[in-house]
Each structure stands twice: as structure tokens, then as C-alpha cells.
Amino acid sequence: MIEIDAISKAYGDVTVVDNVSMTIEAGSITVIVGTSGSGKTTLLRMINRLVEPTSGSIRIDGEDNGAIAPHELRRRIGYAIQGHGLFPHRTVADNIATVPKLLGWPQDRIDARVEELLNLFQLDPASFGPRFPHELSGGQSQRVGVARALAAEPNLLLMDEPFGALDPVIRAKAQDDLLAIQKHFGTTIILVTHDMEEAFGLADRIAVMDGGRLLQYATPSEMLASPATDFVASLIGTAERPFRLLALNPVERAVEPGAAEGKPISADASQRDALAELLWSGRPALPVTGKDGAVAGRVTVDGLLKQARPA
Amino acid sequence: MRFGLNRIDRVGVVVALIAAYGLVAPFALFRANRIVQGEGRSLLSALPPSLGVILLAFSVIAIVMALLRLPLFVKLLTSLVMLAMLAFAIGSAAGFLTPEGNNYARVSPGSGFWLLGAAFALLATDCLARLRPPPWGRIAILTATVAAITFVLTSGLWDGLSIIKEYFSRADTFWLEAGRHVTLALGSLAVAAVVGIPLGILCHRVEPVRSAILNLLNIVQTIPSIALFGILIGPLSWVATNVPGAADLGIRGVGMAPAFVALFLYSLLPMVANTVGGLAGVPAEANDAARGVGMTDRQRLAQVELPLAFPVILTGIRIVLVQNIGLATIAALIGGGGFGVFVFQGLGQTAMDLVLLGAVPTVTMAFAAAVILDAIVELVAPANAGRKEATA
Ligand SMILES: Nc1ncnc2c1ncn2[C@@H]1O[C@H](COP(=O)(O)OP(=O)(O)OP(=O)(O)O)[C@@H](O)[C@H]1O
Ligand SMILES: [Mg+2]
């Protein structure tokens, strides 16, 4: 659990993070959104003390992060830097191996970990491992940057716009992988993004920042139902609201009794996917299959439309 | 095929002009003894008639080839053939001009020889530069050149030349002074690196120190070498008489010690400045990432900053080495030894050959050092190519 307590950062007269407090549950994904220059990176960097706060404190699992030697704190926290920040004089494999080496892992464990991570991010270890960063595309560099942050299996992962340079297909894959890793290891993730789709897709809670202040910190559905300010509402996108809401909930919650023709949809697919399928195929209803594969009922356009508004 | 202006090579024009002038200038100088004024002998009168005509004919052909836009390999070959012919010709000029059994007469290369040599050496270097050989290739070419020169020197081809005669009458001291010259140049470089790199790191880390140290070193750099020697005599004499054991180590107000200290002081600025520059050029993101992954300041220095700054530091070492090889000549003025001994003796006796005996090896060494270190700088650079692009 991370407790951010009335933290502020000022450069001279300019306060770039202004009295922010929030509590982040262990094993959850928190996504920070906000305009450029709103203080997202600064807030993130105060957690691993790359930026020292002007006032306030941050506790990680009850321990004040100011009490831990900075380099030890940072070895425990994975940090995917905005841009990627790879070491230009080290190969991809050596870049990924950085933290395990600092922690003194045995070489064979490091090698195995590097290979595992490269495979995970769809980078062929034989081809990419020996390359230097200047021989990578922007998206490849970014994946290597994330792999480096994950290398030592940290409990806490700070990610600053980690998927910005990825194409939609690889980005979706990287997001799924991140969710899988997070589920598997119970990693606490704090992620900054400009992509609201990504924010709603990944977040357990979303933090909206503007001008250094935390405008709202809530679950995605709470934020859709009652945005704290007009700015939050406009950031979510007024026209997107029903679809974001549908995307958040599974088909399961809209199942009605009855039968339907054609290809069924799984109960844990998102309601948005179900609506898209209904609209595109022109069918009035889809059969829904449960976890056991048996048909559990059907989902209709009318039923879904009722779900597309906050209750 | 039209023979227009566009078929004329620009470097070739320079080469042709220098070489053409070299053909009419005196090819060799004849002197009745080693210190009288020499009298010039033209190409045709300095060489046995057949050889003179052949050299003249080849030179004219080579000049025409230099002017044309021919494949670089052809031109390179032409220039190398001409340089070999010149090396051979000047050797036989010595035998041809020296009267039988005369031990006092001296024959030395004249301005014609030097101009022809310079012209074709220019052509060769221009071709090589345009062929862009990789670092290892350049070191190989340098090695081949040194081997060729060594071969000519040991073959006895040039034994009749005055500079070689000067060498033979001083063979022992020549190698002794050569050793001192190298010790002065390399030793002061080594000490400057050991002191300068940490000093550069300090300057980089502690801002207030930076301008103070760099300004001080800048001032040192502007002190003329003779004046610096003078300044050092006092303190070093004091050390020699007051510090036990110092005198036994060879520390005195004159001799090698002040020369060494002066070279060291001159080396410090390039070493410190390049270390500071190299560290300042390390991309901010790399430093940020180093902190972010949990490196301590020392780990960041050793694993990120120094490797990334290394090419620039190496450039500083190159500057210092070439500068020191040249400057070490001055050491002779205060009894520090080195090739300068011959230069200043020669100047005193107005014996140009003796001056050349000191100057030619110095220039050759400086040139070789520059080629080798440039190649090394390029060899270590590829790992940092990404950084170069980022800062360009
Ligand atoms: N070292 C610094 N000195 C002075 N001002 C700074 C410094 N670092 C950041 N700032 C300022 O603080 C503000 C917040 O910066 P920050 O990097 O946190 O923004 P951000 O929300 O991450 O923006 P982006 O989305 O563009 O990455 C900006 O106005 C920035 O100019
Ligand atoms: Mg940012």
C-alpha cells in the first residue's frame, strides 16, 4: 500500500505538484491522467525519490520512503522512464539486466530472465539481445525500457507513458501482458498515460491531475457517473461516456433469459464488444455462453442500452 | 571524350603546381663540409644522366595523372611509385655528387626534392582520405609506411646523405635522446591523465570548483614554455635541496624534472577540459535512468558517465600526446634531453642536417601518434553512435 500524504513540489515560486494526497491499494493499478505539464511525472518521481518533495510524505507499506537510502529504494521499485531512457552504450540484454546485476543475481538467473522478458515483449532474444539502443525503433526501445523496469520482479512498478510509441496491435498485447503480470505477481502499478482508452482499460482507479492538483481520484465507473469537475468530464469525453461504461462491465451483467440464433458471445466479454457485434451483424440478440461453455441466456440491444447509463 | 575543365581534379592542381616547381628547384644541395652554405644542383645534374631523365619523365606523367579525374587507386599507386622513386633518387644523388673518398663533403635533399616529396605525399594522403579506410586499415597503412621507411634506412640506400651521416656520428646519443623524448612525452601524459581525469570529474560534480580550476589551467597554458621553465627552476631547486631523497630521484632545478613538470602542466588543461566536456555531454536521460534503476553515484560514474564520456576523454589524450611529442623538443633548452638536443645543437652550429636529425623523428612520431589515436577514438565510438546522433 502506498500512502501519499499532502505532498507538494515547488520549483522556485512555481508549485508543480500541489498538496496531493491519495492511497494506492497494494496489487492495484492506478492510472494518472492529465494535461501536459500537470505534474504527473513529478508526482511519480517523488515516489522513488528522483524528485525530493518540498513538503508532505510518502509511505510505502507503512515505511516512510525518506527513511530508505535512495538507491536501495529505487532497486525495489521498477521505473519505466518517459521516453525509455535506455543506456546508449549497453546492449538491449545488458540494459534489461541492469537492476538484477546491481542486486547481485547469479549470471544464469539474469540470462534466463532477460530471455524471458524479451520473449514476453515479442523481441527475438537472439536478434535483439545483442543490439544497441540506436539500432531499435521507438516502439522497440519502449518495450525494452518496460522490460528493464520489470527485470527484478519489483512489487511496485512506476510507468511513465510506457506504451506511447507502440502501434495499436502491440500496444493492446503489451497492455494484456501487463495485466497478466500484475495478476500473477500481485504487482502494484502506477501508470501515467495520455490515452483515456488505456486509462479506462487498465485502471482500478484513475487519478486526474491539472495544474499540479489532484482533481479526482476514483474508480472508472465512479468517474463516469460523477466527474468531479467539467475538466474531468471533458477529459473523459462527453460523447465517449456510454461506450466507456459498457466497456467496463462484462456481458454477464446484462444476460436475459431466452434463446438467440448464431455465434454466441462469452459471458466475460465486455458489453461494448457485445453491442458492437449486435450492431455489425444486425441480429436482435446474441446467445451468451457461461464459463462451462453452456448457453446461459441471451443479450439484446435493448438490454445493453439500459446498461449504457449510470444506474 | 571531351577534355573539359570538369575533368580536372582540384587537389591535383595544387599537387601539379608544387611538383612542377619542385622539378625546376634544386634537387640536392652539395656542400664541401657540413657547415658551409650549400650549392643547389638541379634534377638533371644531381643524378646520373639516365636516372635523371627517367625521374623527370615519370614526374611529368605523374603530374598529368594527378590533374585528371582518374580512379583513386590509380592515383594512389602513382603517388606511391613516385615517392619510392624519389627515395631511391636522393640516395643515388648522394653517391653521384660526393667525390670518391671525400669524407667532408655533404649532400642533402634540396628544396626540389622536398617539394616533389610533399606534392606526391599530398596526393597519396588525399587519395587515402577519400578512400576512407576503416581504423584498422589506417593503422595497417601506417605500419606499412613505417616498415618501408625502416627498410630504406637499413638498406644503406641513404647512407650517403648528410642527415644519415650525422646520425652515424651520433648513433649512441640518438637512441638515448629518443628514449628521453618518449619518456618525457608519454610520462607526462600518463601523470596528466592520472591527475587530470579525477580533477575533471571533480570539476564536473562540484560546480564552484569548475571555473576556478579551468581558469587557472588556462592561465598556465598561456605561459610561454621558456618562462615556465624559469618559474620552475626556483621551486624544484628548493625541493632538491630540502626534501630528502628528491635529489636522488633526479629532481633538480634544471634537467628532466622541470621539463617533465612543464609538460605535465601543459597537459592538464586538455585532459581536464575534455573530461569535463565528455561528462557534460552524457545525455541527461542516461543519467536519469542510472539514478532511476538505483545506481549509487559511484556506480553511475563508473558504469554510465565514464564509458559515455570516454571517446571525448580519449580525444583529450590524443591532443596531449601530439602536443607533448612536439613540446618535448623544448626540454633540451634546460638540459632535459630529447630530440631537441640535436635541434638546438644544430641551430648553434648552423648545421641544418643536425637540426633535421632532431626534427624529422619528432614530426614522424607526432604524426604516427595522431594516426593511431584517431583510429582508436573511432574504434571506441561505434558503441556510442546512438549518443552521437542524439547530441548532433
Ligand atoms: N527540474 C525542474 N525545474 C523546474 N521546473 C520543472 C522541473 N521539472 C519539471 N518542471 C515543471 O513542472 C511541471 C510539471 O512537470 P511534469 O514533468 O511533472 O509534467 P507532466 O504532467 O509529466 O507532463 P507531460 O505529460 O508532458 O509529461 C512542468 O510545468 C515543468 O515545466
Ligand atoms: Mg511526464
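Positions of Cβ are set from backbone N, Cα and C atoms, glycine also.
Residues annotated as domain 'ABC transmembrane type-1' in TrEMBL: B:178-373.
If you look at the transmembrane segment (B:12-30), the same-chain residues 6 or more away from its ends with a CB under 8 A from one of its CBs are 38-43, 46-47, 56, 59-60, 62-64, 66-68, 89-90, 93-94, 97, 105-120, 122-123, 126. Summarising the annotation, TrEMBL assigns transmembrane segment to B:12-30 (among others).
Annotation comment: TrEMBL describes B:50-68 (among others) as transmembrane segment.
Counting same-chain residues at least six beyond the ends of the transmembrane segment (B:80-99), those with a Cβ under 8 angstroms from any Cβ of the stretch are 27-28, 30, 41, 46-48, 51, 55, 58-59, 62, 105, 107, 109, 113, 116-117, 120-121, 124, 152, 157-162. The transmembrane segment annotation in TrEMBL covers B:80-99 (among others).
Residues annotated as transmembrane segment in TrEMBL: B:111-129 (among others).
Sequence annotations record features per position, and here TrEMBL assigns transmembrane segment to B:136-158 (among others). Same-chain residues lying 6 or more positions outside the transmembrane segment (B:136-158) and placing a CB less than 8 Å from one of its CB atoms are 87-88, 90-91, 94, 128, 164, 364, 368, 371-372, 374-375, 379.
Per TrEMBL, the feature transmembrane segment maps to B:178-202 (among others). Distant neighbours of the transmembrane segment (B:178-202): 209, 213, 256, 259-260, 263-264, 267-268, 271-276, 278-279, 301, 313, 316-317, 320-321, 324-325, 327-329, 331, 336-340, 361-362, 365; these residues of the same chain sit at least 6 beyond its ends, with a Cβ under 8 Å from one of its Cβ atoms.
Within the same chain, residues 203, 246, 251-254, 257-259, 261-262, 265-266, 268-269, 272-273, 276, 327, 330, 333-334 sit at least 6 positions outside the transmembrane segment (B:214-239) and bring their C-beta atoms closer than 8 Å to a C-beta of that stretch. Under the heading transmembrane segment, TrEMBL lists B:214-239 (among others).
Positions annotated as transmembrane segment by TrEMBL: B:259-280 (among others). Sequence-distant contacts of the transmembrane segment (B:259-280), counting only residues of its own chain at least 6 positions beyond either end whose CB sits under 8 Å from a CB of the stretch, comprise 184-185, 187-189, 191-193, 195-197, 199-201, 203-204, 210, 213-214, 217-218, 220-221, 225, 228-229, 232, 236, 305, 308-313, 315-317, 319-320, 323-324, 327-328, 330-331, 334, 336-338.
Per TrEMBL, transmembrane segment is recorded for B:301-321 (among others).
When Cβ-Cβ distances below 8 Å are used as the criterion, the transmembrane segment (B:327-347) is approached by residues 166, 170, 173-174, 176-178, 180-181, 184-185, 225-226, 229, 233, 254-256, 258-260, 262-263, 266, 353-359, 361-362 of the same chain, each at least six residues removed from its ends. Positions annotated as transmembrane segment by TrEMBL: B:327-347 (among others).
With a threshold of 8 Å between CB atoms, the same-chain residues lying at least 6 positions outside the transmembrane segment (B:354-377) that come near it are 108, 135-136, 138-139, 142, 146, 149, 163, 166-167, 170, 174, 177-178, 181-182, 185, 311, 314-315, 317-318, 321-322, 325-326, 328-329, 339-347. Taken from TrEMBL, the feature transmembrane segment applies to B:354-377 (among others).
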- Message: Below 8 angstroms Cβ to Cβ, which residues of this chain, lying six or more residues outside the transmembrane segment (B:301-321), approach it?
- Response: 185-186, 189, 192-193, 196-197, 200-201, 267, 270-271, 273-275, 277-279, 281-283, 286-287, 289-290, 295, 369-370, 373-374, 376-377, 380-381, 383-384, 387
